[in-house]
Structures are given as structure tokens and as C-alpha cells.
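Encoded as C-alpha cells, the structure appears first; notes follow it.
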Amino acid sequence: STSKKLFIFSLFSSILSFSSISCHNHHHHHPLDPLTPSEFSLIRNIVRHSYPDSNQNQNQNLTFQYVGLDEPDKPAILSWLSKSNHTSTKTPPRRAFVITRLHKQTHEIVVDLSTQSIVSDQVYHGHGYPLLTLEEQTAAIELALTYPPFIESVVNKRGLNISDVVCSSFSVGWFGEEKSSRILKILCFYIDGTVNLYVRPLEGITVVVNIDEMKITEYYDRFRVPVPKAEGTEYRASKQKPPFGPRLNGAAIVQTDGPGFKIDGHTIRWANWAFHLGFDSRAGPIISLASIYDLEKGAFRRVLYRGYVSELYVPYMDPTEEWYYKTFFDLGEFGFGLCAVSLKPLADCPANAVFMDGYYAGQDGKPAHIPNVFCIFEQYAGNVMWRHTETAIPGEVIREVRPEVSLVVRMVSTVGNYDYIIDWEFKPSGSVKVGVGLSGVLEVKGVSYTDTDQIKEDVHGTLLAENTVGVYHDHFLTYHLDLDVDGDANSFVKSNLEMKRVTDNSSPRKSYWTVVSETAKTESDARIQLGLKAAELLVVNPNKKTMVGNLVGYKLIPGSVAGPLLSEDDYPQIRGAFTKYNIWVTPYNKSEKWAGGLYADQSRGDDTLAIWSLRNREIDNKDIVLWYTMGFHHVPCQEDFPVMPTLSGGFELRPTNFFERNPVFKTKPPSRVHWPNCTTKT
């Protein structure tokens, strides 16, 4: 009915207005808030003024490769938090970490925003290059499209229309070269008849661009195979013709009392949770200071100091000349935040979602805006929080059920062809579920084959359609999880489940399992390849016990247990050595953020988590960081084509003797929403 639609619309408008009010009505910075547009402009001015020459000479242009918050030291944050009145407490100094390129050198600069000065400026002389900017990738692509030999290859050799060619930029990795320069490979695609460019590669053509010089340094047109056909690959809804897929009915989520959460700046409070949500051009979403209210203790208790995706390593499994180098480090080369996309209301996120914007510095240092980069919503998915039906009491049937409601923070990053849906889900039970969904378009190789019967050698993938092979590859997402379970002094405990035999006839049973716990003393004790033996993986606070004497803790319930299958001496695996173990535990170190190293582009594996951890530092009863790698081995199949239905993975951080008992034991079911002019049957 019209009144119902108006009611929903007014509710939706009130939610949207709530989000705009709550996200921007704050004058006091939280020390972990991401940099604001005005701060990006200020940083740009401070840095540019320190290099007066660079503004004149075009060839020596100063470029901003990364600008992010240089977060205050942890003790300073914890001290600030412990003071109840933040308005009168002096906020820790506000600083930015900036990576620039100037005169073909990489500079690491720390800018103090409170004093508007440069604290330090050092030239980086090590291996690897900084994050690629969107602008330099675009410039490299434009070079390729106007290059005469390329036009000759497209128009004369292949008979294609140059105006229907689009290109994309690819990082080149490192394969033992002594010397390296900042280069990208440009590969191109054909969009005549479809916007689904990645499934129509111009196989055989490679343009190599030196992005410091912005010149084409090499060009190859090695062979020709048919361009896969456009028919049936167009994915826009407006272009589809019947018959259509299965019909799905719509459903509305209505919250008559408005959202159940409050956003104050970047701090989100919901049910028994409070946490801070930041945006970073490299990491994307950063969850900080997550703590949960304990009813019995009457206080918030700390769980997660900081959590984010640290690296995403995607090696392809085709060793041929055109493909061997495709071993991507999506965060360190391309930036998860730089590639983040504006979410589509009512599709990416439900009607009750509230949106937040993200900002980053462009190559010129000016602020760039990604509207609706995050959505936050309460999820009513029809799940059950807890239940029990009791029929053993004569004459009674007891049925108690509590519906599940959780809070989800979502971002989507589209790194070229792949879309990654990143979720952080908070449950009233104290669990944090971290999810990733893989969708988008497969990276495919053009081939001459039209039927599997024609294939006699290894084509390193699956024939998905005529002339189209989906190449085998992996996705490894490495999460940085700085758990502070009820405080920052924590230990990592492996509770191994071990089979014991009954040998003395004391039981009719011949075996059982029991828990044998070991506390990791140093880093080497905590490296784990999952799936080899049964174990509970716990981060405990050795200084805090429950009333009955158990150590307070959280456990990691892993999702996928996939690990790398490349040889350890293979160059991509030297760079990606941090994936060798699914679990690493390190002592907290502010500088150890990026598992693949600060400079991932053409890195040589000398600044990875695997290298830091060789120091074998003490981790017992220390402030520790848990690193978890979730892997996917992807053997493409025809259902993944022409666009891939979402493949989901994830893991859970779950309270383990953290509370005295079930924290949602006394949770009341959500109030029932009464629709206007509707009756409910129960």
C-alpha cells in the first residue's frame, strides 16, 4: 500500500539523515581517526614547501604514493583512553606518514600536523617500490593506446577497432634480477559488444612502461589467437534478454525505532560493542579498540586493539612468458582502499544500512573522495542466537529461542577484475566473524581451443568457453589481528587434542581424547600450518582468570586451511613467504604492519613477516599480534563465467572463558515490528 511505502521511505530518509549528522558533527579528533580532506591539503602544502624546486620542473615532479595516519604509539593511545574526559585530556600528537617519489627516489616523510612541520624525511635505498598511484597507471595505459606499433598490432594485424580497445596495468614482480626499475606491463582487451573486458583479452601483446620516465621501454607482439567472443558475456541488467534466471521476491527490513547503533565521528556503539572504524588507502577498513560490555562486571573489556587485512597475495599458476609474472600483492602494489568502490544502496547493503565516506590523497597530494565506501547495518538473517526445546518434563513443552542480530561493517574493493567483499561482523555473544567474498570476473587467457578434446598439453587452467581459459590461481589474505584480550599482556596457547589409549582395562573404551595445552614462549613456537593436527588456538590473558580459575581468552576458529603450493625457492614465494604458515604470532611492533613489506612492488622478500619473525622474540605474557592467513586455491569452473557468483570464506574470533557464562543468556528477543494495516499469524 502507498502508506506502507511512504512509511518505509520516511524511515529510510531518517536513517540517511542520521548517518550524515552523526558522521560529521564532531570537532574533537579521536587519535585514530583517518586523515581528513583538510589534513590531506595541509600535508600536501607542508611537503611541497619543503621541496621548492620540484614544483617548477615537470620532469622532477613530486608525487604522493601513500599518505596515511601515523598512528600514535600504543601506550599514548591507551593512556588517552584511560582518561574519562577526553575533551580536557591532551590528544597525542597528530602525525601523517607520507611516501613520495622525487628524482626517481622514494622518500619516507613524517609530518606533524599539530606543529605543521616535517619531523623526518629519509630517502629509502632498499629493494621494492611504493604503492602505485591510480594516476600513473592511467598515464601508462594512455601511452600504450597511442603507441604506433601497438595500433599496428591491433588494427592491421588483428583487424580490430582501436576505439574498442581498453587496457589495464599489471605489476611485474621480481624474478632474481639484480637491477630493477619502476615498470608496469600493460595488457589490453576488446569491448566491442560487451563491457566485460577481462574475458576478451588481446593475447600476445605486452607493452612495458617505465613509470618514472613515463616511456615505453619494450613492446612485444608474440602471437595471435582469436579474441573470445562477446556474445553472452555482457552482465548489465539493462542489457539482458529473456528468458531470465530464477525469480526472487523482494523483502523489506524495517526498523521502526531507527538503527540500533550510534556513530560518533568514527566510533560505533551497538548493543554491547564499541569500536572505531578507520579508512586507509592501503588497508581499506581498520577496526580499532573493539571492546565489549560485560554485564556482570559492569564495564567494557578490551578485545581487539587493531585488525585489518595486511596483504592479499594472488599468484597465478601459468609459467609461460605472457603470464609468469602475474603474482600480485594487491594491498602493497595497488591498495585495497585506493581500489575501494562506492557501495550501491539496497544492493551491496540492505535498506537499514548507514554509509560512511572515505578519503585518500591523490598523486598530487590533493584529497580524493570515495562516497559510501563503508556501510554499517544490523543484520537480521533469520539465524538463531540460541535455543532449546525441552520435552522431558512430564506435561510441559518448553521452547525458548533468541533470534540472532549482528552488526556488519562492509567494504568492497575491486582490484582490476576481482571484487573483494570485506565484512567485519560483531555478535552480541562476543564473537567477531570476519568474512571475505570473492566475486567479479576471472582473469582469463585467450587460446585457440574450442573444446577440451583439442587440448593435449597443460594449459594451466580450465576451458570455460570457446577460446577462453580461466587460469589456476590462489588468493591469500593475511590479517593483522592485534588482540588485547582484557589487557595488552597476552599469551598464545595451543590446546592440542590428543588421543589417549586405555591400556589397563579400567574402561570398556579403548581410547579417548584429552586437551594438552602448551604456551608459546617465542615466535617459532607459534608458527602453525593448519590442518595437520587437531588443536584449539587461543590468545589468553595469563594475568586474568574467571571465578572458577580458567584463563580469560579468545580463540581463533579458522576458515580455510589452504597454504601455498609453490616451492620455497620460487621468487613469488620468497616474496610471499609470510603465507608459509597460516598462523604467526609476533610481539607488538608499531613498524610491523604490512606482511609483504612496506615496499611490495618488485620486492625481494627481505622485509616480510617471515623475516621479522626470524628474530624469534619472546611472546609469553607480552603484547602480541596474531597473523592469520586465509587461503583459497581457485580452480576455475564454467559457473564462474562470465561473472563469478560470490565465493565466501572467513574465520571467527570467539570468546573462550572470557565471560563467566553465556553473555547473551539474558538477552531479550528484539521487539516485534508492527506493520501498518498488517496482521501477524504466530
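Cβ atoms are placed via backbone N, Cα and C, with glycine included.
Automated prediction, rather than curation, is the source of TrEMBL annotations.
TrEMBL has this to say about the protein:
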type	residues	note
SIGNAL	1-23	signal peptide
DOMAIN	30-122	domain 'Copper amine oxidase N2-terminal'
DOMAIN	130-228	domain 'Copper amine oxidase N3-terminal'
DOMAIN	252-664	domain 'Copper amine oxidase catalytic'
ACT_SITE	Asp330	active site, proton acceptor
MOD_RES	Tyr418	2',4',5'-topaquinone
ACT_SITE	Tyr418	active site, schiff-base intermediate with substrate
Counts by DSSP class (helix H/G/I, strand E/B, coil) across the domain 'Copper amine oxidase N2-terminal' (30-122): 29 helix, 29 strand, 35 coil
Rounded inter-Cα distance in Å - the residue listed as 'active site, proton acceptor', Tyr418 (2',4',5'-topaquinone): 10
Under 8 Å by Cβ from Tyr418 (2',4',5'-topaquinone), counting only residues of that chain that are 6 or more apart: Val314, Leu438, Ser439, Gly440, Val441, Glu443
DSSP residue counts for the domain 'Copper amine oxidase N3-terminal' (130-228), split into helix, strand and coil: 28 helix, 28 strand, 43 coil
Neighbour count (Cβ, 10 Å) for the residue listed as 'active site, proton acceptor': 24
